[in-house]
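Student: Have a look at the structure that comes next, please.
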Amino acid sequence: MVNVKVNLEKRSYNIHIDVSTSNLIGNFMQTMKVNKKILVISDTAVGNLYGIQMVELLIKDGFIAELYCVPPGEHSKNLDVAMELYTKAITLELDRNCAIVALGGGVIGDLSGFVAATYLRGVPFIQIPTSLLAQVDSSVGGKVAVNHPMGKNLIGAFYQPRMVLIDINFLSTLPNRELYTGLAEVIKYGMIADKKFFTYLCDHSRQILDKRPDVLTEIVRRSCEIKAWVVEQDECESSIRAILNFGHTIGHAIEADTNFSVYNHGEAVAIGMYGAALISNHLGMCSKATVDVLKHILLQFNLPVYAPECGIEDLFKLLYRDKKVLDNKITWVLLNDIGEVNLCNQVPENIVKLALAEITQSNTLS
Ligand SMILES: NC(=O)c1ccc[n+]([C@@H]2O[C@H](COP(=O)([O-])OP(=O)(O)OC[C@H]3O[C@@H](n4cnc5c(N)ncnc54)[C@H](O)[C@@H]3O)[C@@H](O)[C@H]2O)c1
Ligand SMILES: O=C(O)C(=O)C[C@@H](O)[C@H](O)[C@H](O)COP(=O)(O)O
Ligand SMILES: [Zn+2]
């Protein structure tokens, strides 16, 4: 078993990574010192695959566990569904020492974490991520949120889980499109912090796409390590944590502009990373060769780099809903080289629009 620790003083926790870790759920929960009653939240797809078995394992180990499933997909990440979950928690009479377990992808992790952070002003929260994206990113670091129709993750909190339990076996049933979406965030780590890791991804692309468990374990481990290293320095994103948002300023605008229905999160981030790289190149921060290397790996992992459905002006307006906007200025995460980024809030409007024209493949610039 591989363990990565997230050191955050009283809020520190372990990420346990291996094949078959989820079989040990009962043992792990016993170390959490929580009450016997547990609410396991999942979506119907993951719930059918793994939820019932997870609840049975917990019951076998003496817990009183109940599974509650919501429809799969980004459209479940909202306040109405959160309200359903509060009602379930109240009906089950969960008290402050009862745990909420998120079993699913990033939607389930963000939604359940938001409910755990706010129900009774906070109850113990455990992440059991089942998608690659959730294993490498959303289950770690404590950003929990729901969407508002006007923008992504606009209602949320920083609320750390007590433990993250990663079972690589879950990835065997993950649809290919969801594998690729997770790879977008994995590529992000190489781009922002670790050129050697980026090279590892290029060199092992075949094994990654073939879902070789040892290679998947390695990319999950290194991604969690990089995320933990960033979050430990800046838990609530007042400085360096913003680098984890590379590609997200444009990515979130694309998701909102297409009503969360055309691109999933990783795909939108892939286009956003390419857009941010183009901006960096236009500002003279990185070479065209660096932009091309990024584009090449995104395409190799079957990710998009263009969003022809979006318009330049619509995207431009949506950029200002980014949480990194201060005093009406966007803080951009830009590229110096593979493995090295900088934060910049002085990007001229025409440079941003030039990049938006390129990613929307539009010739009409106003
Ligand atoms: N909190 C954070 O730091 C953070 C980081 C990155 C992304 N996110 C959020 O995460 C969400 C995206 O997460 P996601 O890509 O996991 O989406 P998701 O939760 O919608 O899961 C994608 C799809 O895969 C299915 N699935 C998940 N695991 C499976 C498995 N093992 N086998 C078969 N099917 C499986 C789900 O049912 C769903 O249909 C977005 O809302 C994004 O904003 C949050
Ligand atoms: O953990 C972080 O910090 C991130 O930015 C990780 C992102 O991959 C993730 O999509 C996050 O939810 C984006 O957060 P937001 O603050 O831009 O909504
Ligand atoms: Zn993301």
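Count begins at 1; order follows the chain as displayed.
Cβ coordinates are placed from backbone N, Cα and C, and glycine is handled just like the others.
Here TrEMBL flags GLY106, VAL107, ILE108, GLY109, ASP110, THR130, SER131, LYS143, LYS152, PHE170, LEU171, SER172, THR173 as NAD(+) binding site. The feature Zn(2+) binding site is assigned by TrEMBL to GLU185, HIS248, HIS265. If you look up TrEMBL, you'll see 69-179 marked as domain '3-dehydroquinate synthase N-terminal'. The feature domain '3-dehydroquinate synthase C-terminal' is assigned by TrEMBL to 182-325.
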Student: On the Cα atoms of GLY106, VAL107, ILE108, GLY109, ASP110, THR130, SER131, LYS143, LYS152, PHE170, LEU171, SER172, THR173, which are listed as binding NAD(+), what is the maximum pairwise distance in Å?
Tutor: 29
Student: What's the CA to CA span in angstrom from GLY106 (NAD(+) binding site) over to HIS265 (Zn(2+) binding site)?
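Tutor: Here the two Cα atoms lie 9 Å apart.
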Student: So if I measure Cβ to Cβ from GLU185 (Zn(2+) binding site) and keep only same-chain residues at least 6 apart in sequence, which ones fall under 8 Å?
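Tutor: Listed in sequence order: LEU133, VAL136, ASP137, SER223, GLY266, VAL269.
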Student: So which of the binding-site residues is most packed in, judged by how many other Cβ atoms lie within 10 Å of its Cβ, out of SER131, THR173?
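Tutor: Counting every other Cβ within 10 Å of each candidate, the maximum falls on SER131.
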Student: DSSP says what for the domain '3-dehydroquinate synthase N-terminal' (69-179): how many helix, strand, coil residues?
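Tutor: Counting residues per DSSP class in the domain '3-dehydroquinate synthase N-terminal' (69-179), I get 49 helix, 32 strand, 30 coil.
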Student: Near ligand 1, which of the binding-site residues GLY106, SER131, THR173, HIS248, HIS265 have CB less than 6 Å from any of its atoms?
Tutor: GLY106, SER131, THR173, HIS265
Student: Among GLY106, ILE108, SER131, LEU171, THR173, HIS248, the binding-site residues in the record, which have a C-beta under 6 A from ligand 2?
Tutor: HIS248
Student: Once near-sequence residues are set aside, which residues in the chain of LEU171 (NAD(+) binding site), 6 or more away, have Cβ atoms under 8 Å from its Cβ?
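Tutor: The list for LEU171 (NAD(+) binding site) reads SER131, LEU132, GLN135, LEU179, LYS211, LEU216, given in order along the sequence.
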Student: So how many other Cβ atoms are close to GLY106 (NAD(+) binding site), meaning within 10 Å of its Cβ?
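Tutor: For GLY106 (NAD(+) binding site), the count of other Cβ atoms within 10 Å is 27.
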Student: Check each residue in the chain of ILE108 (NAD(+) binding site) that is at least six apart in sequence and keep those whose C-beta is under 8 Å from its C-beta; list them in sequence order.
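Tutor: Once residues fewer than 6 apart are set aside, ILE108 (NAD(+) binding site) is near ILE41, SER42, ASP43, VAL46, VAL70, ALA102, ALA134.
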Student: Can you give me the same-chain residues 6 or more apart in sequence from LYS152 (NAD(+) binding site) with a CB-CB distance under 8 Å?
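Tutor: Set apart from LYS152 (NAD(+) binding site) by at least 6 residues yet with Cβ under 8 Å, we have HIS252, GLU255, ALA256, PHE260, ARG321.
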Student: With the Zn(2+) site defined by GLU185, HIS248, HIS265, which remaining residues of that chain have Cβ atoms positioned within 8 Å of the Cβ centroid?
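Tutor: Going along the sequence, the neighbours appear as LEU133, ASP137, ALA184, LYS188, GLY247, GLY251, GLY266, ALA268, VAL269, GLY272.
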Student: I want to check the contact list for HIS265 (Zn(2+) binding site): same chain, sequence separation of six or more, C-beta distance under 8 angstroms. What comes out?
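Tutor: Non-local contacts for HIS265 (Zn(2+) binding site): GLU74, GLY106, LEU133, THR181, GLY251, GLU255.
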